[in-house]
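Visitor: Features from TrEMBL:
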type    : residues                               : note
BINDING : 297, 298, 299, 300, 301, 302, 403, 442 : ATP binding site
BINDING : 301                                    : Mg(2+) binding site
BINDING : 319, 343, 366, 425                     : substrate binding site
DOMAIN  : 6-90                                   : domain 'Shikimate dehydrogenase substrate binding N-terminal'
DOMAIN  : 127-207                                : domain 'Quinate/shikimate 5-dehydrogenase/glutamyl-tRNA reductase'
């Protein structure tokens, strides 16, 4: 099974897991995809190594840092990344047949925009394509990089006006990208509505859409390409390419790079025809239940109690529920009833939890993912994998005697047992996790703050 993830802060809003699940199903690739909440790109790389991830997508605020780090490490950095000054895709395990044994780093936003230009703009035009570019951030740099590469390839020329609230920032883009195939001028954003009809190509790279840009009347042959997939422009006339199409297109390019799999042209046609928009809507809504998973010692119980307190949710511990149901401790159940029976009891208490109404924070046992039925039930809620390595977990567990699978003579033996467990469970944790949060070097209170930020809008709030 291939493992992929998207990296960001915040990150729980990301639609990438939905997109990659559809790509994998359609193209016959077995893969899992999760989200990594980290504080730096370097932390993302370290976590990716621990989790044996095959490729990551990078989003705000780490794209520029990713470019600098990848370049400094001497990894393969594509022309799209070099031109845009940003990396949003890193493939860790590239075959030598692809000409790059090291990790390969690229910018799939640039590749997606090149696809748009080939589809909507004529090639080799003797006249410049009059273009309006709204915004001067990372997405705008990707657009200008794509135009530069497309112009070099086809001879097409672009006359671009960058509209931005801060003209000085737009001027920096003009200096960087002005060349044989792209001329760049600047203007204040508020001037755009009065000049709208003069442009045949418009690209919106604003993350927040001003009120005056929510309804637009385009010229008959104008094309409006939107990077914002959270809210659409109400457009009459011309061609409107919604942000969902941009998101899907760059994701498909990343999938191609990760898997080295040829993409059927029919799939591209479907994306451009907006036939894949439903993919971005989760067809099965999750219950307001947060499951904390991970090895013993990652902090599931402590974090669970604190998170429940700050979110006014009920805290539930599956081990405690099993002890209450049987009148026996977990150690006694393992000794007298076997581990198999314990896993069956986990299935029963998970069913009980999911039948209840209201928000719940559920601390689970470290081996709850071992049973397929348990994994299926976990995915009905929001699954958070608290990560810590075996050494850290063993250190935290020193002196405890209530883990029947971790009875050992000293920390070194505990570490060895945890490593065996992790090797057995790693892919299982990964397959159900909606979000991974590293806990090493963070206090329980800091972890709770991270989870509160990520979950408030999408789960509890």
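If you go along the chain as it appears here, the first residue is 1 and each next one adds 1.
Glycine residues also receive a Cβ, built from the backbone N, Cα and C atoms like all the rest.
Structural setting of the listed features?
Guide: Residue 297 (ATP binding site): 24 other CB atoms within 10 A of its CB, across all protein chains.
Look at residue 301 (ATP binding site): DSSP puts it in a helix. Its Cβ placed at the centre, residue 301 (ATP binding site) has 17 other Cβ atoms within 10 Å.
Look at residue 425 (substrate binding site): DSSP puts it in a helix. Neighbour count (other Cβ atoms within 10 Å of the Cβ, all protein chains): 18 for residue 425 (substrate binding site).
Per-residue confidence over the domain 'Quinate/shikimate 5-dehydrogenase/glutamyl-tRNA reductase' (127-207) averages out at a pLDDT of 95.
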Visitor: Report, in whole Å, the straight Cα-to-Cα distance of residue 319 (substrate binding site) from residue 300 (ATP binding site).
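Guide: Taking the Cα atoms only, residue 300 (ATP binding site) lies 12 Å from residue 319 (substrate binding site).
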Visitor: Among all protein chains shown, how many Cβ atoms are found within 10 Å of the Cβ of residue 300 (ATP binding site), not counting that one?
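Guide: For residue 300 (ATP binding site), the 10 Å Cβ neighbour count is 27.
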Visitor: From the Cα of residue 366 (substrate binding site) across to the Cα of residue 302 (ATP binding site), what is the distance in angstrom?
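Guide: Taking the Cα atoms only, residue 302 (ATP binding site) lies 14 Å from residue 366 (substrate binding site).
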Visitor: Can you tell which of the binding-site residues 319, 343, 366 lies nearest to residue 298 (ATP binding site) in space, using Cα positions?
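Guide: Ranked by Cα distance from residue 298 (ATP binding site), first place goes to 366.
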Visitor: Compare all C-alpha positions of 319, 343, 366, 425, the record's substrate binders, and send over the largest distance in angstrom.
Guide: 18
Visitor: Roughly how many angstrom lie between the C-alpha atoms of residue 442 (ATP binding site) and residue 425 (substrate binding site)?
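Guide: Between the Cα atoms of residue 442 (ATP binding site) and residue 425 (substrate binding site), the distance comes to 23 Å.
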